[in-house]
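Notes follow once the structure below has been shown.
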Amino acid sequence: MYRIERPVYNEALIRSQVLNRRDKSTTLRERVAHQFRCSSQRAKAAVLTFLPILTWLPSYPVKQYLFSDVVSGLSTGVVQLPQGLAYAMLAAVPPVYGLYSSFYPVLLYTFFGTSRHISVGTFAVISLMIGGVAVREAPDSMFYTLPANGSNISAVLDVEARDAKRVQVAIVLTTMVGIIQIALGLLRFGFVAIYLTEPLVRGFTTAASVHVVISQLKYLLGVKTQRFSGPLSAIYVSLAVFSDITSANITTLILGLACIVFLYGVKDINERFKKKLPVPIPGEIIVVIVSTGVSYGLSLSEGHKVDVVGKIPTGLLPPAAPEFSLLPNLVTDSFAVAIVGFSMGISLAKIFALKHGYSVDGNQELIALGLCNFVSSFFKTFAITCSMSRSLVQESTGGKTQTALAAIIMVNLLGMFKQFRDIPTLWKTSKIELAIWFVAFVASVLLGLDYGLLVAIAFAILTVIYRTQSPKSAILGHVPGTGMYCDLEEYEEAVEYEGIKIFHSNSSIYFANCDLYVNALKKKTGVNPEHLQAALKARKKQKEKVNYNHGVTSEIVSNNHLMEEQRNCQSGEVHSVSDSEQSVFLKPPGDVTSIILDWTPVNFIDTVGAKAIKQVMKEYAAVDVQVVIAGCSSKYYDDSTREVLNFFMNTDLVFPTVHDAVLHCQHSHPAAAPGIQMTREETIPSP
């Protein structure tokens with residue numbers, strides 16, 4: 001049983017007699033001194049935050065985890081290196097740079113990352129974005145040269161010079177991405193991930209998969225076309241490939257289709273028997289070995305004009321400074337790659353952390369990815385992030401001949417294309433989230449990944465504004481014996497108090513929706529002060545007319561009493577009309593005497609919203625309708641928001657609960673609730 005007997009509380013009573021605020025006043029000097037105070041505990045916490053490896057390595061359970069970690073590491077490493085070869089193609093750099101990008105970042109993330117399960121390295125989306133920038137800054141047209149002998153032979157593409165320039169662009173871009181991510185992490189900007197909602201990310205990655213597949217069509221078909229970038233590049237590439245499809249290399253197509261069928265079969269087997277297989281079947285490595293042997297044995301490059309990667313240098317390159325003179329043209333692209341890379345990493349990190357019961361730090365993840373990109377860029381790597389395929393240990397990429405690489409990339413993206421299944425699910429659950437998914441997909445396909453991401457984020461923010469401007473409002477009624485107040489339209493048990501309207505709206509009140517809030521209030525309660533004012537004016541005119549007619553009649557009666565009696569005997573029309581009009585005037589302007597605004601869902605109110613509430617309270621007061629507020633959060637009386645409310649509101653009219661406000665309103669109009677007391681006792685049966 002739950003019983004309570006107490007006075008009806010309002011905020012003035014609570015603040016003066018019930019609660020006393022703690023004294024938290026500090027000077028600026030004290031706050032600065034506390035912020036920069038140094039101690040062994042704070043130093044230790046700072047070190048552990050910056051180097052998360054120190055939090056788990058000393059207590060690492062060797063016997064329990066070592067074997068499974070070794071097996072998992074070998075399985076991931078088997079696909080990490082050939083995957084680097086494939087994604088280097090997307091980044092428009094020679095394949096060996098994909099190998100570099102698969103080595104250095106992994107070592108760095110081990111020390112600075114907070115996730116225990118994600119696999120950092122090359123990733124299709126990031127590689128494609130880098131490739132678009134590299135092609136834009138170093139297009140083929142810049143590297144055509146005429147033969148030295150001055151013959152009439154057409155210009156020849158200097159592939160080596162072109163690739164060297166694109167490598168410089170990719171490295172400088174990676175350096176800038178690292179700097180941006182480190183800066184955002186130090187400034188505690190890890191919260192930006194909240195703007196990258198799951199529908200947005202899934203729509204964006206699905207669009208990226210479309211770009212990747214379209215970019216690989218020319219390798220699969222053996223068609224020679226230029227590489228496009230920027231808005232509508234996907235359409236231009238498709239038109240270029242299919243307009244020249246008659247020149248497709250049949251040998252290349254057969255080899256590519258064979259690789260696709262084999263890899264898909266291996267993936268299906270790994271999925272079906274993943275609980276029985278100690279490690280997944282390394283289909284990618286098999287494709288690398290077989291395709292290399294077939295290419296060499298049948299002389300596919302010389303005899304059948306099949307493109308191959310060629311010689312891959314061995315060893316690692318010494319560190320070197322990037323060409324920072326290229327930096328001014330890459331700032332905007334660097335921000336796009338930095339945000340997309342972080343969003344991919346933190347999304348998967350949170351998924352695994354939730355599944356395995358630990359937490360990840362978004363700010364430290366920014367710093368970790370930033371260090372991986374910044375430091376590794378001095379060793380000739382391009383930007384990296386978390387790989388979905390390797391992290392899930394279900395999908396992977398790799399290959400040596402370009403045809404095989406294209407086939408493997410396409411098979412790798414099958415998992416992303418399954419995200420089209422989100423559409424019917426979102427249609428049933430949330431039309432707004434479906435719109436976010438669809439806008440992210442269409443914008444990213446048509447405008448490119450960078451502009452598409454900006455459009456998707458802007459649209460997602462607009463949906464938040466739309467939701468606050470389209471709140472659900474209701475009139476609440478009391479459920480007898482419970483102390484609860486529920487929507488009258490939804491629940492039969494809810495009963496409305498006579499003369500009291502309880503208005504509930506599930507949104508905050510600020511400049512963008514305050515007018516909508518006031519309009520909904522007047523519509524739901526059925527009490528419009530403007531209409532009541534008009535009714536009062538009409539009744540006032542009726543009273544004046546009645547008084548005038550009554551005065552004229554009295555004058556006639558005083559002069560000729562007999563004639564008046566005869567008139568009364570013949571007809572009582574004058575008196576009956578006058579009494580009717582007088583009774584209309586004596587009726588109250590409305591049956592509602594009090595309106596309670598339930599502010600339990602309200603998170604904030606700005607000055608514009610406060611002024612709107614002030615105005616509506618004045619309008620209702622003019623027609624003798626009292627407006628009070630219930631469920632107002634105590635944070636509104638903090639220093640930051642106290643002035644917003646106090647400049648128009650008396651705390652005597654603010655109550656901690658809806659029930660307190662109801663009891664106050666009933667006491668203010670005892671005719672509606674005779675014998676009401678300012679204390680209450682509730683008895684609620686236990687379930």
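Yeah, the Cβs are placed from backbone N, Cα and C, and that goes for glycine too.
Curation does not apply to TrEMBL; its annotations are automatic.
Record features (TrEMBL):
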| type | residues | note |
| --- | --- | --- |
| TRANSMEM | 86-111 | transmembrane segment |
| TRANSMEM | 118-135 | transmembrane segment |
| TRANSMEM | 167-187 | transmembrane segment |
| TRANSMEM | 233-265 | transmembrane segment |
| TRANSMEM | 277-298 | transmembrane segment |
| TRANSMEM | 335-354 | transmembrane segment |
| TRANSMEM | 366-384 | transmembrane segment |
| TRANSMEM | 404-420 | transmembrane segment |
| TRANSMEM | 432-465 | transmembrane segment |
| DOMAIN | 490-665 | domain 'STAS' |
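Recorded stretches compared: 118-135, 335-354, 366-384, 432-465; the one with the most Cβ pairs under 8 Å to the transmembrane segment (167-187) is 366-384. Under 8 Å from some Cβ of the transmembrane segment (335-354) lie the Cβ atoms of residues 114-118, 120, 123, 125-126, 129-130, 173, 177, 180-181, 184, 190, 192-193, 196, 198, 201, 204-205, 360, 362, 365-366, 369-370, 373, 383-386, 388, 391, 449-450, 453-454, all in the same chain and six or more residues away from its ends. Panel annotation: around the transmembrane segment (118-135), residues 76, 80, 83-84, 87-88, 90-93, 98, 101-102, 105-106, 109, 166, 169-170, 173-174, 204-205, 208-209, 211-212, 215, 227-230, 233, 330, 333, 336-337, 340-341, 344-345, 348-349, 352, 369, 372, 382-388, 390-391, 397, 409, 412-413, 448-450 of the same chain, lying at least six beyond its termini, place a Cβ under 8 Å from a Cβ of the stretch.
Mean model confidence for the domain 'STAS' (490-665) is a pLDDT of 73.
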